[in-house]
Structure formats: C-alpha cells, structure tokens
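**Q** According to TrEMBL, the protein has these features:
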- Asn83, Tyr86, Glu87, Cys140, Thr175, Arg228, Cys239, Ile240, Lys241: Mo-molybdopterin binding site (BINDING)
- 101-257: domain 'Oxidoreductase molybdopterin-binding' (DOMAIN)
Amino acid sequence: MNILKKRSWDLPEREATPEHIFMNRRQILAGLAGGGALLASGLAPRPAFAEEDPSAGLYPVKRNAAYELDRDLTAEEIASKYNNFYEFGTHKQTWPAAQKLKIRPWTVTLDGMIDNPQTLDIDDLLAKMPLEERLYRHRCVEAWSMAVPWSGFPLAELVKLAGPQSGAKYIRFETFFDPAVANGQNQSWYPWPYVEGLTLEEATNELAFMATGIYGKPLPKQFGAPVRLVTPWKYGFKCIKSVVKISFTDERPVSFWEEIQPQEYGFWANVNPSVPHRRWPQSSESVLGTDERRNTLLYNGYEEQVAGIYKDMTGELLFF
Ligand code: MTE
C-alpha cells in the first residue's frame, strides 16, 4: 500500500525484511522445532498474542462445510505474523505493537438509516449471533494470499438486527481511533480512523462475514480483534479491522485507501486477475508460507456467489 507524504522515520516496505527471507520455510521449520524443544522442557513462554480473551470459551465453533478450499490452510504461525494493520505500523510485523490494543470493554455502534440504532457490548453481540467457522481464501492487492479458518457470523445477521430503512443503500464501517494505543494514528497524513464501505447488497451476500475468531480461537489483536469484516471476493484492504461503528447510509462511503489514492484504490476492489493494479500485476499471487505462485481467480474464486451483484453495473470500475 502507498504512503502519500512520507517522513524520514517511516520504514518503506522495500526496506522491511523481504518477504522471501522473512518467510523462508527452513527458518520457520527451524523456529518451530526450537519451540517444540522449549515446550518439551516446560519453559515455553506464551506467545504475546495468546493472552486470555473473555470469549475464549465460545471457540472452536462448528465449521460450515459449504465453504471449501482448493488449497491448504496457511499455518497459524505464519498468518499471525504477517499482517497489514497500519494503526500499528506500515510493515507486516505489526503483531507485537498490536498487543497494546485493549479489546475489553469494546462496543459496536449501529446507527444511521435503521430502525434499531444501538450500541452493543461485544460480548452481548457474540451471544446474539450464530457463530460458525468458514474456510476462506484471503487475497491482498499486494499479490499475496493465504487461506484461513475464520470464526464469526454472517454480516447479514447484523444487518437484520439493525433493520435498514428503505433509503439505506450502503454500509460504512469505522475502526477505533486511539493514537495513545495505536502509534500509527499519530501519523496525521493518514485519514484516520480507517473506514470501509459496502453496498447493502454486498453486505447481505452470503459470503460477507464478521470475523471474531480464527484458528478455533478468539481473533488475535493483529487480525483486528475483537471483530473485523471479511469479504473474500475483494482485495484484503476492504476487510476493515477492529470495528467500532457500522453506519447505514444513502451515500457511498469513501474508504481510507480511496481517500489517499483514489486512482489506485477504488470502492469496489473486486479481485480480477485481468485488471492489473498500478503497482502489482494481479494475474498471480504468492501463497504465504510456500514457494508457490498460483494463478489468481476472478472474484478470488467466488464468482458463483457474487458475480450476480455486478452483472448490470456498467461504467463502474469494479476491479481496483
Ligand atoms: N483494517 C484496519 N483498521 N487497518 C489496516 O491497516 N489493513 C487492510 C485490512 N484491514 C487494515 C485493515 C489490509 S491492506 C489488508 S490486506 C488486510 O486488513 C490484512 O488482513 P490480515 O492481517 O488479517 O491478513
């Protein structure tokens, strides 16, 4: 992703540890083997992100077998340490800094053009929602991908709870804003807080999911605890993390990245291998944790579920 105005102390991605070194399989295996030895000795430190979460007892949840994968799941150890979370840094190793995020108490406000505006405590929300596990592909516009087991609930259930009024066409999602905790939010050239948007039709598509857990556990903070959006047919930047507000509106929301670089990051951002991004060709993707490059699939392989949403849209830039 791109930074508009850069200060001297910013670490550009090209200067961060290159992915092929960071992700070197042998190093990972060696690391795991070392961890195994520590565990056997009973001295293993708990990883920082395994902190007890009050919702831990809810997981694992039953897997919804309708969502199958065409590839292996990405190892938890890898997916958990390769995250985009600009509130905690512009590099991928945001997981240590993200541990500062306090996820209790946490509320999610539903407002705007709805019949039932309310502010929900996250644990009350979790108790209300039908939790399930889904295996989804996850494709970043930076041309890497993973496959992960999310736990959570269909966004359509939250929409039902809100009760949209007839004029509501879009949903605007907003992340927390707390620069004392999230150092990245002191970078005033970014339009904080992070915002994303969907049409109501997209939000009620069966695939749109609010993730509250992953790998059979509550969501670790670097993944956007305690609740984040997952839209697997779109590029990963649409999947807004650590959501505090969900507003129903008749105006198309301008997302965080769209506000920064509208020519590069649009509203729709549907995955399409034939439409290259200015920075990254999109025809193939590197599969995290492997040496594999796979051909990218239209709508990230979810064409059957979502192509109908867009079939009559002409003049819209659907694929960036
Ligand atoms: N949400 C917030 N609040 N802040 C972010 O920086 N990054 C986005 C998205 N959601 C981001 C965010 C981007 S660019 C991607 S690719 C995905 O989160 C990464 O999700 P992951 O870390 O679970 O792979």
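From the backbone N, Cα and C atoms, a Cβ is placed for every residue, glycine too.
Not measured: the values here are computed from a predicted model.
Describe the structural surroundings of these features, if you would.
**A** Cβ contacts within 10 Å of Glu87 (Mo-molybdopterin binding site), excluding its own Cβ and spanning all protein chains shown: 27.
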**Q** Under 8 Å Cβ-Cβ from Cys239 (Mo-molybdopterin binding site), six or more apart in the same chain: what's there?
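**A** When sequence neighbours closer than 6 are ignored, Cys239 (Mo-molybdopterin binding site) has His138, Glu196, Gly224, Arg228, Leu229, Val230, Thr231 within Cβ distance under 8 Å.
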**Q** The domain 'Oxidoreductase molybdopterin-binding' (101-257): mean pLDDT?
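**A** 98, rounded to a whole number.
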**Q** Can you tell which of Asn83, Thr175 has the least company, meaning the fewest other C-beta atoms within 10 angstroms of its C-beta, among these binding-site residues?
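**A** Each of the binding-site residues Asn83, Thr175 was scored by Cβ atoms within 10 Å; lowest is Asn83.
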**Q** Sort Lys241 (Mo-molybdopterin binding site) into helix, strand or coil using the DSSP assignment.
**A** coil
